[in-house]
Amino acid sequence: MNSGPGPVGGRPGGRGGPAVQQNIPSNLLQDHENQRLFELLGRKCWTLATTVVQLYLALPPGAEHWTMEHCGAVCFVKDNPQKSYFIRLYGLQAGRLLWEQELYSQLVYLTPTPFFHTFAGDDCQVGLNFADESEAQAFRALVQEKIQKRNQRQSGERRQLPPPPAPINEERRGGLPPVPPHPGGDHGGPSGGPLSLGLVTVDIQNPDITSSRYRGLPAPGPGPTDKKRSGKKKISKADIGAPSGFKHVSHVGWDPQNGFDVNNLDPDLRSLFSRAGISEAQLTDAETSKLIYDFIEDQGGLEAVRQEMRRQEPLPPPPPPCRGGGGGGGGGGGGGGGGGGQPLRPPVVGSNKGRSGPLPPVPMGGAPPPPTPRGPPPPGRGGPPPPPPPATGRSGPPPPPLPGAGGPPAPPPPPPPPPPPPCPGSGPAPPPLPPTPVSGGSPAPGGGRGALLDQIRQGIQLNKTPGALENSVQQPPAQQSEGLVGALMHVMQKRSRVIHSSDEGEDQTGEDEEDDEWDD
């Protein structure tokens, strides 16, 4: 078993009690493979959830496609020596750690489909393509539980901190990416009223006005010499100048103490936040919401957001996984919602011009069916590119039980294929997802997600994309073509890295509260 303490059922005991913890195996792996995986974890490290995945990364500069980097066993690891949680990917054939991501408090774990999960990593957007949906669901539940507990603990500490200073032009954050300016209109929210922190201003040019700054006040003139007469001086029409500094304002629903009012958000703002993968917790966090507010104001305010959203077509919500057979023999039990072998399209999220545009399907030999209209997308479902297809073809019977595994359940049939190209008028289609590399010779039996497990056992080396990595060094990020959604995602990823680094210091102060959680 693990090189740490022997696995015993239950959760960690109280302060001073014996460590009672066990490693959770995967049903897709054989006993000796689970055993080997536990040995790779390290001293006093426990896996709370284990399954088989493909690791996809949306690499810079454009982050327009998913690139499959590794294939292996993923573990949600409780690392007691470091007093932190990690998502770690191990290669069973290589016998080593392939990739890891530490869990930070502001991490937003999204599930566009039951088998494809995504979140912002330290360097780029990360996607996990699971071989088994039930194990994927258990993995997601554990990750979100730990994120929620950490956020609750830190929100209690932040209530005692003073509110952040008001956003002033001289105090703008200098790390925002350059985005082409969006012209603002003069129609929007209520006009007039006091100019508060929650208002976006648009200048109305008027060359005929005088130098007076405020409507209804006299133009500045020489001071009176007679104090007695100046106290009761009447103001005539000649003393009143034309209005100046008149501005049209639109409300974005933000204040420096409570963040954005999530219950009264403008629909276009809500759509922008949904596409960029921003959660309600981030919108109500004082520091994070100030960063988002500054970004919106720098890009042209609410009118720029409205113009950006008007250029985007409404996107359909994700359909249920299609289980119906198609073409070459069907994937197994359960009738699919598509019927007749025509798969439904998964969600298309993100801006067509942004960091994560929709991807056309991998060439399968036939034209895909038209998308099924479903209405507008649900909130909170935006940001990363759509899920990639499984490793190999989608036809054929389910994979047989693995030899010597003692009869573990076989993985479920594959989910529906990726979406077709976007409709005309919604912008140029982004480059397609490159075909998933497979081994030479005849395809592995079982197809679909069973082949993903075979890749791990056989140790297939997946093709990398060195060109994309070289371009990320040679070229600056292509912010010009990303639009507001992609630029906002880029800003939030920077914010995640800052919070991640600052959490290391905060965790030191909260060690006394977490002593019961970690094993010595």
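For all residues, glycine too, the Cβ spot is worked out from N, Cα and C.
Per Swiss-Prot, the feature region 'Disordered' maps to 1-23 (among others).
The region 'Disordered' annotation in Swiss-Prot covers 148-247 (among others).
Annotation comment: Swiss-Prot describes 203-213 (among others) as compositional bias 'Polar residues'.
Under the heading domain 'CRIB', Swiss-Prot lists 240-253, citing sequence analysis as support.
DSSP classifies Tyr293 (phosphotyrosine) as helix under the three-state reduction. Annotated phosphotyrosine per Swiss-Prot: Tyr293, in sequence order.
The feature region 'Disordered' is assigned by Swiss-Prot to 307-520 (among others).
Swiss-Prot lists 471-482 (among others) with the feature compositional bias 'Polar residues'.
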Find the average pLDDT over the domain 'CRIB' (240-253) in the predicted model and report it.
-> 56
In all the protein chains shown, the tally of other Cβ atoms within 10 Å of the Cβ of Tyr293 (phosphotyrosine) is 22
